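Q: One structure is given below, represented as structure tokens, and several questions about it will come after.
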Amino acid sequence: MVKICCIGAGYVGGPTMAVIALKCPSIEVAVVDISVSRINAWNSDQLPIYEPGLDGVVKQCRGKNLFFSTDVEKHVREADIVFVSVNTPTKTRGLGAGKAADLTYWESAARMIADVSKSDKIVVEKSTVPVKTAEAIEKILTHNSKGIKFQILSNPEFLAEGTAIQDLFNPDRVLIGGRETPEGNKAVQALKEVYAHWVPEERILTTNLWSAELSKLAANAFLAQRISSVNAMSALCEATGADVTQVSYAVGKDTRIGPKFLNASVGFGGSCFQKDILNLVYICECNGLPEVAEYWKQVIKINDYQKNRFVNRVVASMFNTVSNKKIAILGFAFKKDTGDTRETPAIDVCKGLLGDKARVSIYDPQVTEDQIQRDLTMNKFDWDHPLHLQPMSPTTVKQVTCVWDAYEATKDAHGICILTEWDEFKNLDFKKIYDNMQKPAFVFDGRNIVNVDQLREIGFIVYSIGKPLDPWLKDMPAVA
Ligand SMILES: NC(=O)c1ccc[n+]([C@@H]2O[C@H](COP(=O)([O-])OP(=O)(O)OC[C@H]3O[C@@H](n4cnc5c(N)ncnc54)[C@H](O)[C@@H]3O)[C@@H](O)[C@H]2O)c1
Ligand SMILES: O=c1ccn([C@@H]2O[C@H](COP(=O)(O)OP(=O)(O)O[C@H]3O[C@H](CO)[C@@H](O)[C@H](O)[C@H]3O)[C@@H](O)[C@H]2O)c(=O)[nH]1
């Protein structure tokens, strides 16, 4: 029986390995982690991450050919294929701080693999890493190998949160990069056979190592760039009276452009886009390509601009101050159908409003109060380290309350900010909400999910990203 071990039981390691176990009953899969609480949660009824469909997949295989364990060394030693899916946060100190990927966790995993291995292994990069990481990992492994042979493959993951199970069942492509040597080709073939259990052969792409590593960074940069492009257009739409939804529909109808990923928003979030672009920027700079670095930096600058612009709209609309006003925040996760808050635009928006002394009342169906408080007090990039190594939140932000109901959050509020596109927000009783708010009552829709005309009829003053402006907002500056 082929044995797979995955180091890192997170958003990628957990779902990816659960799907491999489900689709390959003949393979034994162990997912290991240094975080005891994470592993305990994977072994309980309350999985550590919320992902539609994940529960069912885990329940079908757990205890049969899928195991979650903290005995990292044992499972690595026994495995034929070791996936490494650990954190690769942005460095906060030293060389490349604020841009480069911090490979501490990767390096310690590689050293541990070399230490405990007693048989040849294929080591698979599942984490998103800088180009040429495989070379560094190869060096660590071979210099410590005691005669054991390791083949390194790059197999970046393209799943998106909220649709992870769907994406894993039916991927656009699986990408496997390896050394172009007989041993390298053999290793690529072995991993290909795993995916071939359910992925059609023509969707399994094989490349050299560096192309696979770079393709992952490139794909995320292209995706994020589309959002920054449409968000940049949203500002121009507001200035001209065009409607960004109509513009992106018309643009996306061009088959060369395509309709997906053109939704204007308060900004993109998530653990990957910003981190991976910063990483790309750093790699370009290190390779003497400042113009290319500058080009990709702009994607992040526009994203920051979009979040600032949103906060400025809120404050400017409400007589240039939100001091002591209650603002309801509907949605804190970085997108719907996940409880993940890493780099969520809600953090920046809330911090902006708190900076103007607002009182914020937050409701998100999947995010706990503890998480929100930690997010609002943590330093940038600290969120991307293993849970037990993150600083405990020393203080709580007093002007923040978290509630478990949208009606409670909006009661007596002056304004509402919709920051995540949860389906349930589309069906709220806005008349009831309006009746229970201070007047004038404002809605700032950062996800373009409300029916603007209906809300204006009820009496709300409505701002919706990239839509023709409410007369109330017309003469107010977008960016103060
Ligand atoms: N989240 C996504 O949607 C996504 C998608 C594609 C790629 N990625 C990439 O995959 C990687 C993992 O991302 P994630 O979202 O799953 O992160 P995560 O924080 O959810 O999971 C990483 C896990 O690795 C564990 N870990 C760290 N060092 C370890 C070690 N030495 N031994 C054992 N366990 C260790 C941590 O405790 C943590 O549970 C990152 O490089 C990320 O960029 C993420
Ligand atoms: O038209 C759009 C599409 C997305 N978003 C926002 O962009 C962010 C990222 O969304 P999405 O890409 O759907 O989720 P992620 O889980 O971050 O997935 C991205 O990052 C992963 C980690 O690298 C990759 O594996 C995926 O392919 C890539 O889509 C979220 O805040 C979305 O709300 C928009 O604002 N407008």
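Using the three backbone atoms N, Cα and C, a Cβ is placed for every residue, glycine included.
Sharing the features that TrEMBL gives for it:
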- CYS272: active site, nucleophile (ACT_SITE)
- 8-13, ASP33, ARG38, 86-90, 127-128, GLU161, 272-275, ARG342: NAD(+) binding site (BINDING)
- 328-452: domain 'UDP-glucose/GDP-mannose dehydrogenase C-terminal' (DOMAIN)
Q: Anything from the binding-site residues GLY8, THR90, GLU161, GLN274 with its Cβ under 6 A from ligand 1? List those in sequence order.
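A: Passing the 6 Å Cβ check against ligand 1: GLY8, GLU161.
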Q: Identify which of the following binding-site residues, namely GLY8, TYR11, GLU161, place a Cβ less than 6 Å away from any atom of ligand 2, and list them by sequence position.
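A: Near the molecule: GLU161.
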Q: Take the domain 'UDP-glucose/GDP-mannose dehydrogenase C-terminal' (328-452) and average the pLDDT across it for me.
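A: Its mean pLDDT is 93.
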Q: In whole Å, note down how far the CA of CYS272 (active site, nucleophile) lies from the CA of ASP33 (NAD(+) binding site).
A: 20
Q: Please report the distance from the Cα of the residue listed as 'active site, nucleophile' to the Cα of GLY8 (NAD(+) binding site), rounded to the nearest angstrom.
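A: Between the Cα atoms of the residue listed as 'active site, nucleophile' and GLY8 (NAD(+) binding site), the distance comes to 16 Å.
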Q: Is it possible to get the count of other C-beta atoms within 10 angstroms of the C-beta of GLN274 (NAD(+) binding site)?
A: 23
Q: Find, for the listed binding-site residues GLY8, ASN87, GLU161, the residue with the lowest Cβ contact count at a 10 Å cut-off, counting only other Cβ atoms.
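A: Checked GLY8, ASN87, GLU161; of these binding-site residues, fewest Cβ neighbours within 10 Å: ASN87.
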Q: Helix, strand or coil at TYR11 (NAD(+) binding site), per DSSP?
A: coil
Q: What is the total of other Cβ atoms whose distance to the Cβ of CYS272 (active site, nucleophile) is within 10 Å?
A: 25
Q: For TYR11 (NAD(+) binding site), list the number of other Cβ atoms lying within 10 Å of its Cβ atom.
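A: TYR11 (NAD(+) binding site) is surrounded by 22 other Cβ atoms within 10 Å.
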Q: What does the DSSP secondary structure composition of the domain 'UDP-glucose/GDP-mannose dehydrogenase C-terminal' (328-452) look like, as residue counts for helix, strand and coil?
A: 43 helix, 19 strand, 63 coil
Q: Please classify the secondary structure at ASP33 (NAD(+) binding site) using three-state DSSP.
A: coil
Q: Let me know the DSSP-derived helix, strand or coil state of ASN87 (NAD(+) binding site), please.
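A: The three-state answer is coil.
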